[in-house]
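**Q** What follows is a structure written as structure tokens; I'll ask about it next.
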Amino acid sequence: MQVESKKEIRKRILNIRNNMSEDLVDNLSEKTMSTLVKLPVFKRSNTVMLYLSFNNEVDSFRLIDYCFKEGKKVVVPYCIKEGTRIVPTEVRDIYRELRKSSFGYMEPKKEFLRPISTEEIDLIVIPGIAFDKRCYRIGFGAGYYDRFLGKLNFSIPTIGLAYDFQILEKAPIQMFDVPLDFVITERRIIVRP
């Protein structure tokens, strides 16, 4: 049996994800979020870093609204092309402070950038194209999250959100790939072994 490359996995999974209906995305996102917010690691977190979902990713915007209602500080990634790096920045109003980037995803407007230190973050919630049962992730391939996670203090819990069809038995990994602590889907919680 031939092992799929990361490129082949991305193509296969994105084809499925891109063909999901809005109702299905909403339904599965709600189930995934419902599981996440019950976890003790989420409940005890005061500052949560969340991705800004696009292209049928598990919807993070309802999770951001939930965090605001619970009095949590919300941090989102601001991607800087030079150096392929992520700067964590606090958002207080997603309807006023975000804009669509040249790549089509939402990002903080420059005038609302409020960079914060990773030491202030209690939990990081991360997207991915695919994850495996060891909690390794496959992203888009640019390396933003790999670089960011590689520099993190490992005491900060990391959680990937995905649909169950995005879970692989074993993803091809490279030396710089960093496993997450948990991956949550609409059907299960995967804990890093």
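Placement of Cβ uses the backbone N, Cα and C atoms for every residue, glycine included.
So TrEMBL has the following annotated:
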BINDING   LYS6, LYS7, GLU8, ILE9, ARG10, ARG137, ILE138, GLY139, PHE140, GLY141, ALA142, GLY143, TYR144, TYR145  ATP binding site
BINDING   LEU52, GLU57  substrate binding site
**Q** Rounded to a whole angstrom, what is the C-alpha distance between PHE140 (ATP binding site) and GLU57 (substrate binding site)?
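**A** Here the two Cα atoms lie 12 Å apart.
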**Q** Based on Cβ atoms within 10 Å, give me the single least packed residue among the binding-site residues GLU8, GLU57.
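**A** Least crowded of the binding-site residues GLU8, GLU57, by Cβ count within 10 Å, is GLU8.
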**Q** Which number gives the other C-beta atoms within 10 angstroms of the C-beta of TYR144 (ATP binding site), all protein chains shown included?
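**A** Its Cβ has 18 other Cβ atoms within 10 Å.
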**Q** Provide the number of Cβ atoms within 10 Å of the Cβ of ALA142 (ATP binding site), excluding the reference atom itself.
**A** 12
**Q** May I ask you to report the DSSP-based helix, strand or coil state of ILE138 (ATP binding site)?
**A** strand
**Q** If you measure every Cα to Cα distance among LYS6, LYS7, GLU8, ILE9, ARG10, ARG137, ILE138, GLY139, PHE140, GLY141, ALA142, GLY143, TYR144, TYR145, the residues said to bind ATP, what is the biggest one in Å?
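**A** So the maximum pairwise Cα distance among the ATP binders is 20 Å.
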**Q** Counting across all protein chains present, how many other Cβ atoms fall within 10 Å of the Cβ of PHE140 (ATP binding site)?
**A** 13
**Q** Could you state the whole-number distance in Å separating the C-alpha atoms of ALA142 (ATP binding site) and GLU57 (substrate binding site)?
**A** 17
**Q** Can you check which residues sit near LYS6 (ATP binding site), meaning Cβ under 8 Å from its Cβ, same chain, 6 or more apart in sequence, and list them in order?
**A** ILE138, GLY141, ALA171, PRO172
**Q** Rounded to the nearest Å, what's the C-alpha distance separating GLU8 (ATP binding site) and LEU52 (substrate binding site)? Just drop the number here, would you?
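**A** Rounded to the nearest whole number, the Cα-Cα distance is 25 Å.
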**Q** Distance between ARG10 (ATP binding site) and LEU52 (substrate binding site) at the Cα atoms, whole Å?
**A** 19
